[in-house]
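Here's the structure we're looking at; comments come further down.
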Amino acid sequence: MFKKRAINKRLQPKSSLENGPQTEELAEPHNTSNLPLKSDDLTPMIHEKFNNTSDLKVKKYINLTIYYIENQINQQELNQNIIGKIKQADEITTETVYASIAINEVEDTDDLSYAILRMIKGSVALFIEGTPKIILASIPVKESRALSRPENESQVTGPQLGFNESLATNVSVIRRYLSTPDLCNEFFVFGTRTNTAVSLLYIKGIASEDLVNRVKHKLNQIEVDALIDSSVLNQHLDDHSWSIFPQMLLTERPDRVSDGLLNGKIALFVDGSTNVILCPFTFIEFFESREDYNIRWPIATFIRLLRIVAMFLSIFFTSIYVAALTFHYEIIPQALLVPLGESRSRVPFPPLFEAVLLEFIIELLREAGARLPTKVGQTMGIVGGIVIGTAAVQAGFTSNILLIIVALSALASFTAPSYTMGNVIRIIRFPILFMAGFLGFYGVMFGFCLLLIHLIRLSSLGAPYLSPFYPPRFQDWVDSVIRLPMKYTNKRPTLTRPADVQKYDPDKVN
Amino acid sequence: MKVLLSIKQEYLLNAFMIFFIVHSTQIGVGIQGYQRIIYSDSHQDAWISVILSGLYASLIVYIIIKTLELYETSDIYGIQHDVFGKLIGKLLNVLYIFYSLISFFVVLRNYMEVVQAWIFPEVPLWFLTTSLLMLVIYGIHSGVRGIAGIAFFSVTLSLWLLILIIYPLQHAKWTYLLPVLEADLIPLLKGVYHMTFTVIGFEILYTVYPYMKDKNKVQKYAQLAILFTTCIYTILMMVAIVYFSGAQLERTVWATLSLFKVVRLPFIERFEYVAITFWMLIILPNLILYMWAACRGMERVFTFSAKKSVWLFSSIIFIITQFVISRTQINMMNGYFAKFAFVVVFCYPLILFLAAWLKKKFTKKKEQSV
């Protein structure tokens with residue numbers, strides 16, 4: 001029911017624009033709909049709406065006309081459950097059609113545009129002579145692949161299940177994790193040309209109403225012609241579209257989405273997209289993984305700290321090396337100076353050029369690895385890396401110490417559990433590298449300050465991006481960079497302003 | 001001009017943010033080398049001068065907050081306007097904007113001096129100025145909450161520098177502190193007077209107060225900030241006294257930075273390079289808050305938008321930096337500024353409080369008699 005209302009709401013103004021006022025005036029007094037009474041009049045109208053597409057089929061059976069798009073419907077179901085059943089009836093009226101069709105989802109409409117839309121989505125339209133109505137029976141072809149392992153967010157422990165491209169399947173997977181009637185699913189349609197289905201999921205009683213309304217308001221404001229993937233919707237919803245940082249999580253893990261929903265977040269599912277948007281999201285949460293809850297807390301804390309260190313290392317390590325070697329060689333201890341000098345003695349380039357070159361090669365390898373087919377990609381990555389690395393050192397292109405540093409920071413950037421965040425870390429390395437090359441530590445610090453101010457300014461759906469550090473929310477620190485035992489993480493994070501703060505009674509858990 | 005301000009709920013700050021704002025504004029460039037100046041006044045008792053200056057600062061903070069509490073939701077611009085009338089009020093307001101700008105300039109110029117003297121003697125001044133002004137302009141645009149955030153991170157992210165005083169303490173000669181209380185009251189007070197340049201910064205309360213959420217807690221957190229700052233100053237003073245010999249300290253311009261020279265980590269030597277560049281984060285809230293106070297004044301007094309005045313002030317500062325070049329000029333500027341700041345921060349709040357208090361009492365009586 002909800003589906004129909006949502007779609008109608010969006011389509012009504014458009015159809016009234018096209019042929020609204022005139023048809024209303026011309027329509028006969030007893031026929032309030034814009035549909036004709038005869039199929040001979042209706043058929044050209046539908047043909048025209050579909051621009052005479054060749055896969056539109058029109059079948060006549062006594063006073064019943066059947067319209068459908070050939071590739072969108074299940075032929076077997078049409079024969080068995082619709083035509084087969086109607087043939088058994090004595091006469092064909094709306095009532096008998098309704099009574100005989102053995103299909104779950106049947107509705108009737110007098111809005112042609114709506115009927116057209118449903119036909120694209122896999123409905124059969126039935127028209128009975130003399131009745132200005134179209135009966136729609138939904139028998140879409142279900143072409144979706146089976147649920148498989150998440151490709152981009154792998155975990156050692158925990159469920160190995162990833163979303164697929166079907167909205168219905170994805171939502172049902174979430175329903176399996178969260179079997180509660182409080183899980184609300186609201187339906188939206190996006191794109192004036194693509195009519196993409198979007199589902200908004202949240203748990204009533206946990207998610208703050210203010211937040212849900214804010215998302216809905218934002219969704220209603222967006223007017224686009226096409227929506228192919230959730231990552232595009234994500235960019236439409238961002239507070240700061242100029243920023244390099246992702247402000248919402250794109251994930252293909254149902255357990256992660258369920259966890260987010262339980263913490264008062266809001267999930268957006270886009271039909272045809274394997275990634276689900278989870279919002280609002282903070283900077284530090286991009287370095288948390290669902291797996292951290294599956295393993296014991298000291299290990300989880302260690303791994304989280306490791307990721308944070310890796311992030312800093314990845315952004316600043318090469319820059320510090322370049323700055324130290326270009327301007328501040330005084331800071332390098334004597335014992336280290338000798339091997340450093342030896343390894344750099346054959347290199348003809350200044351450190352900045354050397355570093356940028358090597359970083360560029362690493363980025364090249366990564367991008368090539370992502371584009372190549374899986375099996376070739378892995379081999380190419382390793383072989384290319386080793387071959388280019390050793391050859392570059394032997395040829396006197398780079399020093400082997402820098403090679404270690406660059407490889408280390410590349411490796412570190414892959415520890416971020418979110419692919420989008422990993423990308424950002426790799427990219428912001430370059431401007432800081434240049435600043436280090438021109439201004440030494442001063443440049444690195446300038447980059448750091450700029451980054452800090454930028455992060456302070458950012459927000460995700462109005463929630464501060466650096467929470468729980470700024471604004472300081474100390475009660476949330478138990479589950480941020482560190483993770484304490486379950487007994488102490490019994491509160492939901494303040495970030496989402498959850499309606500129900502307490503997860504469970506801390507006295508009743510270990 | 002409206003005396004009382006009504007600030008939207010979403011712009012208000014938690015009371016304990018005042019701790020970070022006050023503390024980060026106090027700690028800036030003064031801390032880099034105040035030891036020499038105070039030492040030349042009160043020698044090994046210099047740390048007593050530092051504590052005394054902290055106590056006096058605490059008193060002034062008390063007075064400032066009492067003044068602000070008389071009006072509840074006003075800042076210095078509104079109070080001066082209300083107390084001294086339209087003309088004199090405006091004059092004083094312009095003077096306060098001028099003071100904020102001069103403070104900004106002094107912090108900026110001194111930091112650049114340090115960068116040029118220690119790390120980059122050859123990098124042109126205009127380049128360093130531009131880079132810092134860029135950060136300031138970007139920071140100001142993030143609004144009050146953003147500025148408070150910069151102050152917060154500036155304090156929390158630089159706390160680790162404090163741990164490093166362990167290194168000079170390994171070479172400490174504690175007998176340098178003896179005999180205690182050799183100095184008379186006059187040199188001690190002279191030391192307090194010379195601490196002005198280092199201790200000021202809490203006058204930011206005058207402008208930031210209306211943005212506080214629960215105003216009855218502001219006093220507590222502001223005093224805590226003063227306590228924390230004074231502790232750091234006292235510790236650093238003592239460390240400098242016990243680490244350097246007297247004659248050496250009198251010749252050390254940037255004693256705190258020189259202390260970092262001793263730090264020796266397995267992967268890094270000459271730690272002061274790191275410390276000085278890291279200092280950028282410490283002076284950043286200083287710069288941003290002073291600039292913000294000035295821009296806020298422009299907004300209040302002349303209804304000139306803050307975003308525009310940032311650009312105006314930045315270009316003015318940029319031009320002025322080109323004229324103050326030599327070390328002697330900077331020293332002279334610091335001397336004049338310290339005197340100016342002594343009047344504005346250490347004396348004027350008392351006068352303002354008295355005037356405001358009398359005015360309140362007067363008007364109340366008038367109301368009662370009517």
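Residue positions begin at 1 at the first shown residue.
Placed from the backbone N, Cα and C atoms, the Cβ positions cover glycine too.
Nobody curates TrEMBL annotations by hand; they come from automatic prediction.
Quick look at what TrEMBL lists:
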TRANSMEM  B:12-34  transmembrane segment
TRANSMEM  B:46-65  transmembrane segment
TRANSMEM  B:91-111  transmembrane segment
TRANSMEM  B:123-140  transmembrane segment
TRANSMEM  B:147-169  transmembrane segment
TRANSMEM  B:192-212  transmembrane segment
TRANSMEM  B:224-244  transmembrane segment
TRANSMEM  B:273-298  transmembrane segment
TRANSMEM  B:310-330  transmembrane segment
TRANSMEM  B:336-358  transmembrane segment
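For the transmembrane segment (B:147-169), the partner stretch with the highest count of Cβ pairs under 8 angstroms, out of B:12-34, B:46-65, B:192-212, B:224-244, is B:12-34. The stretch with the most CB contacts under 8 Å to the transmembrane segment (B:123-140), chosen from B:12-34, B:46-65, B:273-298, B:310-330, B:336-358, is B:310-330.
Counted over residue pairs separated by six or more positions, the transmembrane segment (B:273-298) shares fewer than 3 Cβ pairs under 8 angstroms with the transmembrane segment (B:224-244), which leaves the two as not touching. Highlighted: of the candidate stretches B:12-34, B:192-212, B:224-244, B:192-212 has the greatest count of Cβ pairs under 8 Å to the transmembrane segment (B:336-358). In terms of C-beta pairs under 8 Å, the stretch of B:12-34, B:46-65, B:91-111, B:224-244 lying closest in packing to the transmembrane segment (B:192-212) is B:12-34. Between the transmembrane segment (B:310-330) and the transmembrane segment (B:91-111) there are 3 or more Cβ pairs closer than 8 Å, counting only residues 6 or more apart in sequence, so the two stretches are in contact. Between the transmembrane segment (B:91-111) and the listed ranges B:12-34, B:46-65, B:224-244, the one holding the most Cβ pairs under 8 Å is B:12-34. Only residues 6 or more beyond the boundaries of the transmembrane segment (B:46-65), in the same chain, are considered here, and those with a CB under 8 A from a CB of the stretch are 22, 35, 38-39, 177, 181, 183, 188-192, 194-196, 198-199, 202-203, 205-206, 209, 218-219, 222-223, 226-227, 229-230, 233-234, 237-238, 241, 345-346, 349-350, 353.
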